[in-house]
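S.K.: Grabbed the feature section from Swiss-Prot, which reads as follows:
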SIGNAL    1-19  signal peptide
CARBOHYD  Asn37  N-linked glycosylation site
DISULFID  Cys40-Cys66  disulfide bond
CARBOHYD  Asn65  N-linked glycosylation site
ACT_SITE  Asp217  active site, proton donor
DISULFID  Cys219-Cys236  disulfide bond
CARBOHYD  Asn237  N-linked glycosylation site
CARBOHYD  Asn252  N-linked glycosylation site
CARBOHYD  Asn316  N-linked glycosylation site
DISULFID  Cys338-Cys344  disulfide bond
DISULFID  Cys366-Cys375  disulfide bond
Amino acid sequence: MQVKLFYTLALWAPILVSAQLSGSVGPLVDFKTKAKNKTCDITDYGAVADGKTDVGPAILDAWGNCSTGGLIYVPPGTYSLATDLELKHGESTAFQLDGVLARGHEGSYQLILVRNCHDCEFFSGNSQGAVQGYGYEYLQDGNYGERLFRFQDVSDFSVHGFAAIDSPAYYLVFDTVSNGEIYNLLVRGIADLGMTDAFDIWGQNVWIHDIEVTNGDECVTVKSPASDFLIENIYCNLSGGTAIGSLGTGTNISNIHYRNLYMNQADACYLKTHNGDGIVKNIVWENVIVHGGPYPLAVNEAWGKDVGSTGVQVQNLTFRNWYGENTANSRPAIRIECDEDVPCYDITLDNVNLWTEDGDYVEWSCANAYGSGACLQEAKDTGDLATYTTAVTVTATPSYSATHMPGDFTTNPPSTAPFTIPPMPTSFYPGATPISTLLSLSGAGGL
């Protein structure tokens with residue numbers, strides 16, 4: 001198990017963590033202090049936990065009174081949310097979701113938008129809070145609805161402790177965020193439809209850890225621009241997997257560290273571009289277990305629609321301590337195919353052991369990629385890299401043992417009925433203890 005170095009300076013202080021982070025993450029003031037300053041219980045503003053009455057106006061009124069220096073409290077119970085929420089301009093605020101917000105209408109873009117918020121925390125105090133999207137009502141017919149969450153222009157923040165269930169589209173989007181901690185979260189939904197990304201994140205200095213995802217598209221995905229991310233203890237349990245991209249013009253991604261990734265029928269690395277421009281550099285994927293997935297380790301610079309321009313420069317990627325297998329040997333277990341106009345370089349595969357669930361050989365495919373390991377060519381001078389394409393057939397079975405998680409799904413969840421909200425998981429990677437324990441508060445702020 002990879003040793004993690006972290007220090008808690010005080011109950012109310014942000015956390016300092018090692019690896020790729022560039023500074024402290026999390027709220028500047030703890031939720032208990034905010035609750036002592038002022039608490040706005042939504043039932044005092046007319047909210048009724050009957051699963052029918054729209055709770056939106058009560059939440060907006062509570063936010064208006066407590067969004068500066070206070071805590072908004074959603075007590076246990078099921079509340080119908082028939083209003084798209086825009087929670088904006090929060091300053092030193094906390095939102096404690098101990099009940100269930102159930103989508104009660106056909107909305108437009110996202111059910112809950114948190115924007116322009118500094119020193120804020122969105123969390124469940126009893127670790128039983130959830131947002132129920134009833135996405136099956138759309139998805140069973142091949143249609144899509146609104147996203148569940150968007151956090152936009154948020155800094156010095158944390159999001160933790162609740163479940164996002166059955167979204168009609170994307171689950172959680174983190175748009176231009178900084179100095180954040182995202183952890184102890186569960187995403188559970190239909191696993192056979194795209195456009196249902198669980199976590200799409202771009203920004204600076206973000207720690208994502210202890211996450212479980214079941215969905216039909218990407219699990220934890222880094223978008224551009226992004227820098228100084230630590231992503232660890234990730235359990236993609238029937239999902240598209242962890243990815244970077246897709247990328248376009250002006251790409252700027254650097255200093256991203258993935259570690260302790262567990263993939264059940266999911267891909268651990270899919271870096272995808274098709275032309276575009278800019279740079280991706282200094283990325284590490286280490287301590288990875290893959291059980292199934294079409295492309296467990298893939299860099300594909302001819303993916304999807306051609307967005308024009310000269311190509312994205314990809315450099316200094318490290319893949320270390322990988323174990324597992326893909327679903328079919330008709331697809332390369334290792335695929336590193338870079339743009340012929342801007343070849344990749346400084347790519348390192350160190351102790352990568354990937355086999356297949358189907359057959360007695362695997363393929364490796366490399367194109368215009370330089371470094372060490374698999375089918376990569378060595379570069380003597382990165383200033384003048386020739387184009388090439390090569391494929392290697394491997395028949396020698398690697399010697400390794402890759403643990404299975406007891407919670408692995410073997411069949412897709414049903415797509416024609418509401419999801420039961422499961423309890424929060426307590427394990428996200430074999431042998432790794434979650435970094436932060438689940439909260440078990442009673443009442444607002446645990447006071």
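Note: Cβ is positioned from N, Cα and C throughout, glycine not excepted.
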S.K.: Starting from Cys344 (disulfide bond), work out which of the recorded positions listed here (Cys40, Cys236, Asn316) have their Cα within 10 Å, and give them in sequence order.
M.R.: Asn316
S.K.: When the Cα-Cα distance from Asn252 (N-linked glycosylation site) is computed for each of the disulfide-bonded residues Cys40, Cys66, Cys219, Cys338, which gives the smallest value?
M.R.: Cys338
S.K.: If you draw a 10 Å sphere on the Cβ of Cys236 (disulfide bond), how many other Cβ atoms land inside?
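M.R.: Around Cys236 (disulfide bond), other Cβ atoms within 10 Å: 29.
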S.K.: Taking 10 A as the limit, how many CB atoms besides its own sit near the CB of Cys338 (disulfide bond)?
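M.R.: A count of 28.
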S.K.: Per DSSP, to which secondary structure element type does Cys66 (disulfide bond) belong, with helix, strand and coil as the options?
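M.R.: Reduced to three states, the DSSP call for Cys66 (disulfide bond) is helix.
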S.K.: Restricting to the recorded positions Cys219, Cys236, Asn316, Cys366, which ones have a CA within 10 Å of the CA of Asn65 (N-linked glycosylation site)?
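M.R.: So the list reads none.
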S.K.: If I restrict to non-local contacts, at least six residues apart, and a C-beta distance under 8 angstroms, what lies near Cys66 (disulfide bond) in its own chain?
M.R.: Lys38, Thr39, Cys40, Ile72, Thr93
S.K.: Taking every protein chain in this structure into account, which of the glycosylation sites Asn37, Asn65, Asn237, Asn252, Asn316 has the most other Cβ atoms within 10 Å of its Cβ?
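M.R.: Of the glycosylation sites Asn37, Asn65, Asn237, Asn252, Asn316, the most buried by Cβ count within 10 Å is Asn237.
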S.K.: Checking the recorded positions Asn37, Asp217, Asn237, Cys366, which are within 10 Å of Cys338 (disulfide bond) at the Cα level?
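M.R.: Among Asn37, Asp217, Asn237, Cys366, the ones whose Cα sits within 10 Å of that of Cys338 (disulfide bond) are Cys366.
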S.K.: What recorded positions among Asn37, Asn316, Cys366, Cys375 are found with a C-alpha within 10 angstroms of that of Cys219 (disulfide bond)?
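M.R.: Of everything listed, nothing lies within 10 Å of Cys219 (disulfide bond) (Cα to Cα).
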S.K.: Taking just the CA atoms, what is the gap between Asn316 (N-linked glycosylation site) and Cys236 (disulfide bond) in Å?
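M.R.: Their Cα atoms are separated by 25 Å.
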S.K.: Taking every protein chain shown into account, which of the disulfide-bonded residues Cys40, Cys344, Cys375 has the largest tally of Cβ atoms within 10 Å of its Cβ?
M.R.: Cys344
